[in-house]
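**Q** According to Swiss-Prot, the protein has these features:
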REGION    1-91  region 'Disordered'
COMPBIAS  15-28  compositional bias 'Polar residues'
COMPBIAS  34-50  compositional bias 'Acidic residues'
COMPBIAS  61-75  compositional bias 'Basic residues'
BINDING   His199, His307  substrate binding site
BINDING   Asp219, Asp230, Glu430  divalent metal cation 1 binding site
BINDING   Asp230, His299, Glu335, Glu430  divalent metal cation 2 binding site
Amino acid sequence: MAAQAAPELAKLDLNKNTGSAEASTVPASGSDKDDAENEGDSDDDRDDEQTGGSAEVNAEKKKKKKRPKKKKKTAKVQSVPPRIPLTTLFPNNSFPEGEIVEYLNENSYRTTNEEKRHLDRMNNDFLAEYRQAAEIHRQVRQYAQKELIKPGATLTDIAEGIEDGVRHLTGHLGLEEGDSLVAGMGFPTGLNINHCAAHYSPNAGNKVVLQHGDVMKVDFGVHVNGRIVDSAFTVAFDPVFDPLLTAVKEATNTGIKEAGIDVRMSDIGAAIQETMESYELELNGTSYPIKAIRNLNGHTIGQYEIHGGVNGKSVPIVKGGDQTKMEEGETYAIETFGSTGKGYVRDDMETSHYAKVPSAPSVPLRLTSAKNLYSLINKNFGTLPFCRRYLDRLGQEKYLLGLNNLVSSGLVDAYPPLCDVKGSYTAQFEHTILLRPNVKEVISRGDDY
């Protein structure tokens, strides 16, 4: 889930041609034995037999020379809507790699250093899982951009269309106990409109319809064996918002460019802010400076832990004093948020996102509904974020009392939507990057952004 709020905000309330080869090996119909039995016939008969035999032999030779037609290799393409598991399209598990970026300056030796290359080769399973998740994200978002995200579409239809695609492409629909932990949604689909920047997903009964004048952030995650690809983009139908989208996209690319082993977080944040705040948006004759949302950050990603767990790190998008360095082997979500408002978000609107607290202490639960729900969360989501619709999908009813009890007991965190002032517009772009020993890989990079 894409956005990690700054610490002070976190303290606020609260997915035959068959037979051709066999035909060429069928035994001949004529034989030497037949020719011997017919040897005593008349000359005319013998001539006829010889002629017939010769015809059969010639026919047989033609049969033997005739090779079966080779099947034309047709490129396997994804269906619309996406329903073909990715392992069917890539049967050898050779999934496309992301954008490969060589390290620069003092880290340039890593690209050719044999020891670093050896360490990188040891990560084959890790890379295959991440690349599979990334390709699923690319294929599903391509479908969403072309077929789902249109003025007049409901947020529920968009969210469920994305999530159904992810689940089918992973091959894990998540309806059986534990299936969602093998592969599926890395976190719920965020569909954040206008002043809302993050963590909004439609709950059951939501009737919100996307409008032509809306600016919507689409943020969803895909995981394979807990390797979460976290990537987001912004859609606006009115070109008047292009400067806002360009500013945030360029700021994210700046963050990706600056990121690397031994780079200080403060340097990345300063570069991001400088890029983003060089833009402005003119709306109805008024110019609005585009501000980086200072209390939202990028973050490390851990296995099954979207914000990196207890030792997770934050990547600021404004200049500051954080001297923490990035390290070899880490995975980061580099995301930036821009706003025409105050550049600061607060909790607002109805909560949809939740996640089990990693390594939560043992707490006695008095409510039976809370106990049962906590068991279901452990078995189906673990520490992966989930939303109310996911509980509905598993057949849960009247669970809000138990869910709120888990939140108040400190076993589950609630993530309310994060919003700037009403009337403002916000945008987001995000990629997942891997700091491999010898290169940096922008694992979620695609042709779209």
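Positions of Cβ are set from backbone N, Cα and C atoms, glycine also.
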**Q** Between His307 (substrate binding site) and Glu335 (divalent metal cation 2 binding site), how many Å separate their Cα atoms?
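**A** For His307 (substrate binding site) versus Glu335 (divalent metal cation 2 binding site), the Cα atoms are 13 Å apart.
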**Q** Comparing the binding-site residues Asp219, Glu430, which residue's C-beta has the most other C-beta atoms within 10 angstroms in this structure?
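**A** Checking each of Asp219, Glu430, the winner is Asp219.
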**Q** Provide, as an integer number of angstrom, the distance between the C-alpha atoms of His299 (divalent metal cation 2 binding site) and Asp219 (divalent metal cation 1 binding site).
**A** 15
**Q** What is the one among the binding-site residues His199, His299, His307 whose Cβ has the most other Cβ atoms less than or equal to 10 Å away?
**A** His199
**Q** Roughly how many angstrom lie between the C-alpha atoms of Glu430 (divalent metal cation 1 binding site) and Glu335 (divalent metal cation 2 binding site)?
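**A** Distance between the two Cα atoms comes out at 4 Å.
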**Q** CA-CA, which of the binding-site residues Asp219, Asp230, Glu335 lies nearest His199 (substrate binding site)?
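**A** Its closest listed neighbour, by Cα, is Asp219.
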**Q** Rounded to the nearest Å, what's the C-alpha distance separating Asp230 (divalent metal cation 1 binding site) and Glu335 (divalent metal cation 2 binding site)? Just drop the number here, would you?
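**A** Per the Cα atoms, Asp230 (divalent metal cation 1 binding site) and Glu335 (divalent metal cation 2 binding site) stand 9 Å apart.
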**Q** Between Asp219 (divalent metal cation 1 binding site) and Glu335 (divalent metal cation 2 binding site), what C-alpha distance do you get in Å?
**A** 11
**Q** Looking only at DSSP and grouping its letters into three states, which state does Asp219 (divalent metal cation 1 binding site) belong to?
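**A** Going by the DSSP assignment, Asp219 (divalent metal cation 1 binding site) falls within a strand, counted as strand.
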